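Undergrad: First, the structure itself, so that you have it in front of you.
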Ligand SMILES: Nc1ncnc2c1ncn2[C@@H]1O[C@H](COP(=O)(O)OP(=O)(O)OP(=O)(O)O)[C@@H](O)[C@H]1O
Ligand SMILES: [Mg+2]
């Protein structure tokens, strides 16, 4: 590793190992962070990326090994110490207080006070607004964090880290819930920070992103560092080879099977917003058996809300849905699941997982009735189903009885997917299913989707990733501002058309004519 | 990568893991410790008569603690159980003495079996009121059950104007005799209440472990939102746990008034605290999602034996309180220490495994 001399090394990990109960997360890793550059870290789910970063940020302590900050050996016993030495981190799983406002979150533990030690919330909100402005987030600093969508929360998390004025800024999958537009803005911010000499560590599973903004790349595999290069010397293929030891599996190709008859139809779905206007605005669509309908849109386009309405999570939503031609009268989630709907929610921490239960219990939570005779859960049948899912989705877990919170982010996502699949649905709603999973797993999930559709499932799948939606969908619906603004067959869909449709009606003020309808 | 955990589990039996096993079984060890201590310190402690007497005391708390365990696992709390005990005792006593006056010149008298059923129904009903307040009206469990605590106690006092219903022997010609069986009867040498405890406890443990409802109780306590999206009927689960808690409290009400052959409206005051203590001592987490019936029963035994033993030793009731409080605190501290130790031990095993 004598390639790079052009940027100074500010932080160095020497032979660092980290052992958790049940797994060795990092094995004798040597890692250098360079000033004024974007240091990229990639690796499969569970490779140890987050762990390595948590060690730098003082959240976890290394079992073995040394940390050198500007040549001086340091050890942080808490993230507070790391922050005081100028190390900030955007965590993969959001770490925000839902019951506090955006500004209060940004300045949590560093509250701005006046002479009498009273918190100066006016000043906090003003400063918070500056950071949010920089991210063009459109979030008011006095909003409660729990009222924000997950993508917005991620922006708050980023604003919080940026506001630390850190010398080393670690970003662990900062863009997993963002769509293209926000990513662009984030990249501009990163470029600014880089120019002012900040060392940035960037983790993502979106390889194009890495190629675009990275200066140095380090690849982790099974806790070991398997490659370190300058970004300009490598391409995606190289990254994938270092990551998984072989070439990338393709996105599953369309296999030419023809969708059957209609399995699902939604008519005139509306959902009023608390702040007035409609979050879902008279959306109607239909889905056939064996069809994958991609729903593309930007953040806040109303895709998740549409799914929520379909699942019966909002009592005040209007509109009707039909499954296999029959009107669904059930209004609650439980009975809609019984009718054959299943949802993979976007926010796995809050809605996808019961974090203190085991991997196995989480997987079977929605489908327990399948394993029940009379009222007894058959352990054998349950274990068999769990083992099958762990195998099919390649969930990396030593023992399914382990708590699900001990899995890496991507593997947790696979558990959420597995849970929905085990219910044996007729119609599967997937909200950003590939959030945080690595290229290999993504290919696995997409292949599973293809297989399911071949078996006659209808799949509705929301994503903000253009490539994904183009590669997977039989048809593509575009949503913008709560409305359906486009519906394309795959043959006629072009990226430009999708992007144009997704920007329709994106004015600063929500249109008012919708009130006339109600 | 995957071979490492396997190796680690082979490399067991180090000092740390022995300590860990000890800590995991801490409630059980505490139980054995108090047994040994009192059998030395208190004469007659180990006599069969005393053991049976103590287990009858323990059983009362154990019933309440089981109901409480489910409630706490869902992330709630039930403060009303003590009052339900009192009210159900009064209901049973009233029915034995007075029957139900139909206002048209007739009075229906029930036999003891029917009285027991009605009393249980009353307990379940009050539990359902708790459940409805919490699920439909969104009242916080602490507040809802606190309110019901007062209401139920008030009703118990009103039912007799604060007096005791004495002498519940019943009249042979009305078919109301035999009420004493629950409290004083024996089957195969053991008190009836112990048998009931065994049945209910086995049922509850089975429910927790092997039925969807049991799994759902844990899921609701762990993450209510995720449970709801997974199709768990959160409201139904909550209704169930409060109704089960009411059911357990009604059993206790029946047993106590049967033992005394009298119902007193103040019966059961502060029982809810003992029940919570037993659940926590048995490893139930107050933040929900964690707990076992077995642990709770052992917890109830520790608390029960501790207080009976101290009484036998002639320790003043003031000191008894202090000691009971300390035991609860120590139990929770050890619980935390165990969690920390657990990860440390695995580390050591890993290090050995290389
Ligand atoms: N608290 C924990 N207890 C036990 N094991 C853990 C814990 N946290 C992480 N692990 C394990 O450590 C390994 C590395 O996890 P880590 O979160 O660093 O992966 P990652 O590279 O960030 O993956 P992803 O891309 O999915 O986020 C995984 O096998 C994971 O199961
Ligand atoms: Mg991670």
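Using N, Cα and C of the backbone, Cβ positions are placed for all residues, glycine too.
All annotation found in TrEMBL is predicted automatically rather than curated by experts.
So TrEMBL lists the following for this protein:
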type	residues	note
TRANSMEM	B:27-46	transmembrane segment
TRANSMEM	B:83-100	transmembrane segment
TRANSMEM	B:112-133	transmembrane segment
TRANSMEM	B:139-158	transmembrane segment
TRANSMEM	B:187-208	transmembrane segment
TRANSMEM	B:239-256	transmembrane segment
TRANSMEM	B:317-334	transmembrane segment
Undergrad: Considering only Cβ pairs under 8 Å, which range in B:27-46, B:112-133, B:139-158, B:239-256 makes the most contacts with the transmembrane segment (B:187-208)?
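TA: Between the stretches B:27-46, B:112-133, B:139-158, B:239-256, B:239-256 has the largest tally.
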Undergrad: When each of B:27-46, B:112-133, B:139-158, B:317-334 is checked against the transmembrane segment (B:239-256) for Cβ pairs under 8 Å, which one has the most?
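TA: By the under-8 Å Cβ criterion, the transmembrane segment (B:239-256) pairs most with B:112-133.
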Undergrad: Count, for each of B:83-100, B:139-158, B:317-334, the Cβ pairs lying under 8 Å from the transmembrane segment (B:112-133), and report the range with the highest count.
TA: B:83-100
Undergrad: When you scan the chain for residues with a C-beta under 8 Å from the transmembrane segment (B:139-158), skipping those not six or more beyond its ends, what do you find?
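TA: Beyond its ends, the transmembrane segment (B:139-158) has Cβ neighbours at 71, 75-80, 82-84, 86-87, 89-90, 126, 129-130, 133, 242, 265-266, 269, 272.
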Undergrad: Do any residues of this chain, six or more beyond the ends of the transmembrane segment (B:317-334), have a C-beta under 8 angstroms from a C-beta of it, and if so which?
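TA: Those are 23, 26-27, 30, 277, 280-281, 299, 302-303, 306-307, 310-311, in sequence order.
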